[in-house]
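Take a look at the structure below.
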């Protein structure tokens, strides 16, 4: 019980952190939407799309390796050898990527950024900073140092918001926003690197286990790439067929729906290293228990959030962005929100495949989903517009979840609480009636209504006994402590 209590506390800590990180997107949205031209807003979104895409190749899947192999190491020298083997390999590949991106910066600018070469150069620099930063941040995930991880994540997020806002308000449009973001990432990277070196010291590795690390991580790269195809390629296809302005219309609605991801992030961050320890010590019942509870508590929050975001999408976009963006983009949110919920469930179930080291299965399912998503987008977006991209994203996530469940549950059977899911949906429907009745339009009205509806949902779920008395007692004691 003590270990489970610690797990829930860490989930809560990372969950609160992710709420604040997600709020940063809502803070940044009106700053960008109301001060950038719609074309510059599209450039900003495409920059972020590719900044999340290129590192998927550069890191060689080594962050997965770190959280799978290093948690069981206890000797500092072994930890340093493994960690710095990963770091130096990542840096080597990152510098090669930097050279290639700089060499083709003019061509990249013409294809993606309406000829803005400054943004393409900053993309090259930001890519190396990003991939190195992720590797150092993964150290804290690996060894469950979630307080430090959370504080540094918040610092990175809000320094980024401040720097982007400064350059945008100074009139520098997309180039300024990108520059501010890259500067903030570099500052926090230096801080994170200093923390890690202070804790374990520094050494030049002998690369003793590098081949094993790469053989584990490399098969995840095609999957990560295809995951990106599902998650972000829609913006590229929209930009090609409809123009950067429609990327600007699409992205805010997508961002709102994607807020659901913040609820799954604590589980996907904490579970890999925790479950690895249980699994390697043959405590399969503990693995199953943690996964069952993770799915239940994720859905407890995510299901009502899907209902709420779907209804509030248009008024939120009216407040946070512009009427034009709200009118064109609000229809995207329900599809993305539901897709994000399904993505969160499969992200938890995927931990079984990671424990079994079935990284080829992980890669293959995303390759298939990525191809499906791109083909559907190419066929449907030119005819049906941005709503088609939202629908195809949902279809791809459903496909991935089905494949993941099919393979994962062969190894470890999970106990899905379908009665609880039905109760949560019922409570969410009742909550939605209250939301539609109030129908808020102002920002304050939306905030107050969200608070009221959250209380309504919680009361209904308690009345339906969706949470057992033992669970409620456990959470009360945890909060008191």
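Placement of Cβ uses the backbone N, Cα and C atoms for every residue, glycine included.
As given in TrEMBL:
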TRANSMEM  12-33  transmembrane segment
TRANSMEM  53-71  transmembrane segment
TRANSMEM  117-139  transmembrane segment
TRANSMEM  151-172  transmembrane segment
TRANSMEM  178-197  transmembrane segment
TRANSMEM  256-276  transmembrane segment
TRANSMEM  297-317  transmembrane segment
TRANSMEM  329-354  transmembrane segment
TRANSMEM  366-388  transmembrane segment
TRANSMEM  394-412  transmembrane segment
TRANSMEM  419-438  transmembrane segment
TRANSMEM  444-464  transmembrane segment
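Only residues 6 or more beyond the boundaries of the transmembrane segment (256-276), in the same chain, are considered here, and those with a CB under 8 A from a CB of the stretch are 7, 10-15, 18-19, 21-22, 25, 64, 67-68, 71-72, 141-144, 146, 149, 287, 290-291, 294, 298, 301-302, 305-306, 309, 313, 316-317, 332-337, 339-341, 343-345, 347-348, 351, 354-355, 390. Among residues of the same chain six or more beyond the transmembrane segment (394-412), those with a C-beta under 8 A of the stretch's C-beta atoms are 230, 284, 287-288, 291, 335-336, 338-340, 342-343, 345-346, 349-350, 352-353, 355-356, 358, 361, 365-366, 368-370, 372-373, 376.
Here the transmembrane segment (419-438) has Cβ contacts under 8 Å with residues 296, 299-300, 303-304, 306-308, 311-312, 445, 449, 452-453, 456-457, 460-461, 464-466 of the same chain, all six or more residues outside its ends. Here the transmembrane segment (53-71) touches the transmembrane segment (117-139). Their Cβ atoms form 3 or more pairs under 8 Å, with each pair 6 or more residues apart. By the Cβ criterion (distance under 8 Å, sequence gap of 6 or more), the transmembrane segment (297-317) is not counted as touching the transmembrane segment (151-172), fewer than 3 such pairs being found. Listed by sequence, the residues of this chain that lie at least six past the ends of the transmembrane segment (12-33) yet keep a Cβ under 8 A from its Cβ atoms are 41, 44, 146-147, 149-150, 153-154, 157-158, 160-161, 164-165, 168-169, 177, 248, 252, 255, 259, 261-263, 265-266, 269-270, 319-322, 325. Comparing 117-139, 178-197, 444-464 for CB pairs under 8 angstroms to the transmembrane segment (151-172), the maximum falls on 178-197. Residues 300, 304, 308, 312, 315-316, 319, 423-424, 426-428, 430-431, 434-435, 438, 472 of the same chain lie 6+ residues outside the transmembrane segment (444-464) yet bring a C-beta within less than 8 angstroms of a C-beta in it.
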